[in-house]
Amino acid sequence: MQAKDSNPPDGGYGWVVVVSAFMVMGLTAAVLKTFGLFFVELQQHFDELASTTSWITSVTIAIFHLGAPVASSLCVRYTHRAVVITGGLLAFSGMALGFLGLSMVWMYATTGFLQGLGISFSWTPAISIVSHYFSKKRALANAIASAGECAFAFTFGPFFQWLISQYGWKGALLIIGGIQLNICVCGVLMRPLASSCLLEGSHSETETPPGNGASRTDKEDKSPIAHKTINWMLVKRPEFVLYAIFGILAAMSFFVPPLFLVPLSYSLGIDESWTASLLSILAVVDFAGRLLCGWYANLHVTKTVHLLTMTITLISTSLMLLPLANNYLSLAIFTGFYGFFFGTTVAVHITVLADVVGMPDFDSALGLFMLIRSAGGFVGPPLAGLIVDMAGDYRAGFYMAGATLVLSAGFLVTLDQFQQRKERGSQTNTKPEKSTLPYPSLHPLKLQ
């Protein structure tokens with residue numbers, strides 16, 4: 001029975017887990033993505049600069065990433081289910097307390113810190129447990145689960161705009177917090193498959209006799225969640241370091257466009273109702289990009305790192321073109337291009353991480369990667385806000401995001417070159433094993 005549980009089912013109840021993760025992505029990442037609708041309201045209410053107001057989102061993003069290693073460790077000590085439920089309660093608390101709106105510092109602590117911690121404790125276990133339930137279909141399962149962010153963002157854009165107009169930004173925060181309590185329901189549905197694998201891993205280490213070749217197989221097959229602490233030795237692996245630097249630069253850029261898209265549309269004189277539709281367009285094309293790229297990656301036609309490099313390049317191009325928009329139609333078109341390529345990137349970047357470090361180190365690498373990437377998420381929005389304040393134009397934030405993504409693509413190219421040299425080196429080292437005896441003159445045929 002234990003051996004059966006140790007192998008990813010690649011289906012069955014795993015699809016229930018995917019649907020649950022789909023919901024969690026929507027109730028966490030989609031809320032963060034559409035929080036730009038509150039940007040102008042908060043800026044006007046507290047009479048602060050764009051750079052000061054953007055720190056709310058920056059704190060949320062930073063805590064979201066910084067909490068990932070903690071969430072990964074708690075998943076091992078307890079279960080994915082328990083951590084997701086805890087995350088739902090924290091997310092609700094952040095929004096409910098933000099309803100009071102006492103000061104900007106208060107918003108940093110509630111909708112920033114508590115909301116970010118709730119998102120981290122929900123998102124990290126949800127994406128991790130999907131990878132444990134699937135192996136051959138992992139890319140497709142991750143793409144479907146991550147698509148929940150887009151599906152919910154499609155409705156959250158106009159819905160949040162309506163909530164703000166009807167109940168004000170404070171009332172909207174309280175209602176959104178109540179909706180996020182459904183994360184707890186999703187957590188209940190996440191059956192802890194990894195717990196039995198962890199038990200099997202401890203048995204295999206103590207019961208398998210040495211020398212029969214089975215210990216290596218058990219070590220490779222058992223769930224990677226058996227690692228009880230973060231594997232800090234990953235920072236000594238050049239391929240992981242290169243991918244982590246890519247993650248920092250990408251995080252500096254990814255959260256800037258959703259934050260400044262709404263203010264940019266207002267500056268162009270676009271009506272509020274049409275502005276909310278931009279977020280819906282962004283969500284629809286994002287959804288299509290994730291599913292299409294997940295399906296394509298599942299065919300294993302192109303290396304995932306090559307696919308990721310191409311999508312990052314296309315995102316940066318679309319971000320450079322987006323500020324050229326001067327009306328709703330052109331802004332919607334460029335937003336659509338950005339959203340589609342962003343979706344393709346999100347669909348594969350976790351799969352690339354698994355390919356870089358291998359599944360035995362995946363849980364540890366995911367937490368550590370999120371921890372390192374937090375630096376980019378923390379610095380990106382305020383830096384873009386500062387550039388916007390200095391330039392007096394929201395377009396400057398998009399140029400900054402596009403330029404940073406171009407730089408991040410360079411590290412992906414370096415990573416690919418390093419992996420290719422490593423593969424060629426390993427192939428070269430295996431060839432001498434096929435050679436003959438160390439003393440050719442003593443070959444039996446020559447002695448005769």
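Cβ from N, Cα, C; glycine included.
Annotated transmembrane segment per TrEMBL: 12-35 (among others), in sequence order.
Taken from TrEMBL, the feature domain 'Major facilitator superfamily (MFS) profile' covers 14-420.
Annotation comment: TrEMBL describes 55-76 (among others) as transmembrane segment.
What TrEMBL records for 83-107 (among others) is transmembrane segment. Same-chain neighbours of the transmembrane segment (83-107): 24, 27-28, 31, 42, 45-46, 48, 52-53, 56, 71, 74-75, 113-126, 169-171, 173-174, 176-178, 180-184, 186-188, 190, counting only residues six or more beyond its ends whose CB sits under 8 Å from a CB of the stretch.
Marked as transmembrane segment by TrEMBL: 113-133 (among others).
The list of residues near the transmembrane segment (140-160) in space but at least 6 beyond its ends in sequence, with Cβ under 8 angstroms from a Cβ of it, reads 14, 18, 21-27, 29-31, 33-34, 37-38, 126-127, 130-131, 133-134, 172, 176, 273, 276-280, 282-284, 286-287, 290-291, 293-295, 297-298, 343, 346-348, 350-351. As annotated by TrEMBL, transmembrane segment applies to 140-160 (among others).
Through the fold, the transmembrane segment (172-190) approaches residues 16-17, 19-21, 23-24, 27-28, 31, 38, 79-85, 87-89, 91-96, 98-99, 111, 118, 122, 125-126, 129, 160, 163-164 of its own chain, all at least 6 residues removed from its boundaries and within a Cβ separation under 8 Å. Taken from TrEMBL, the feature transmembrane segment covers 172-190 (among others).
The transmembrane segment feature in TrEMBL is assigned to 240-262 (among others).
Sequence-remote contacts of a segment are chain residues at least 6 beyond its ends whose Cβ falls under 8 Å from one of its Cβ atoms, and for the transmembrane segment (274-293) they are 30, 33-34, 36-37, 143-144, 146-147, 149-158, 160-161, 258, 261-262, 265-266, 307, 311, 328, 331-332, 335-348. Positions annotated as transmembrane segment by TrEMBL: 274-293 (among others).
What TrEMBL records for 305-325 (among others) is transmembrane segment.
The feature transmembrane segment is assigned by TrEMBL to 331-353 (among others).
The annotation transmembrane segment is assigned in TrEMBL to 365-384 (among others). Remote same-chain residues near the transmembrane segment (365-384) are listed as 51, 54-55, 57-59, 61-66, 68-73, 120, 124, 127-128, 230-232, 234-235, 240, 243-244, 247-256, 259-260, 350, 353, 356-357, 396-397, 400-401, 404 (criterion: CB distance under 8 Å, separation of at least six residues from the stretch ends).
The annotation transmembrane segment is assigned in TrEMBL to 396-415 (among others).
The region 'Disordered' annotation in TrEMBL covers 422-448.
Counted over residue pairs separated by six or more positions, the transmembrane segment (331-353) shares at least 3 Cβ pairs under 8 angstroms with the transmembrane segment (240-262), which defines the two as touching. Beyond its flanks by at least six residues, the transmembrane segment (12-35) meets 56-57, 60-61, 64, 84, 87-88, 91, 111, 115, 118-119, 122-123, 126-127, 129-130, 133-134, 141, 144-153, 156-157, 160, 176, 179-180, 182-183, 186-187, 189-191, 255, 258-259, 279, 283 of its own chain at Cβ-Cβ distances under 8 Å.
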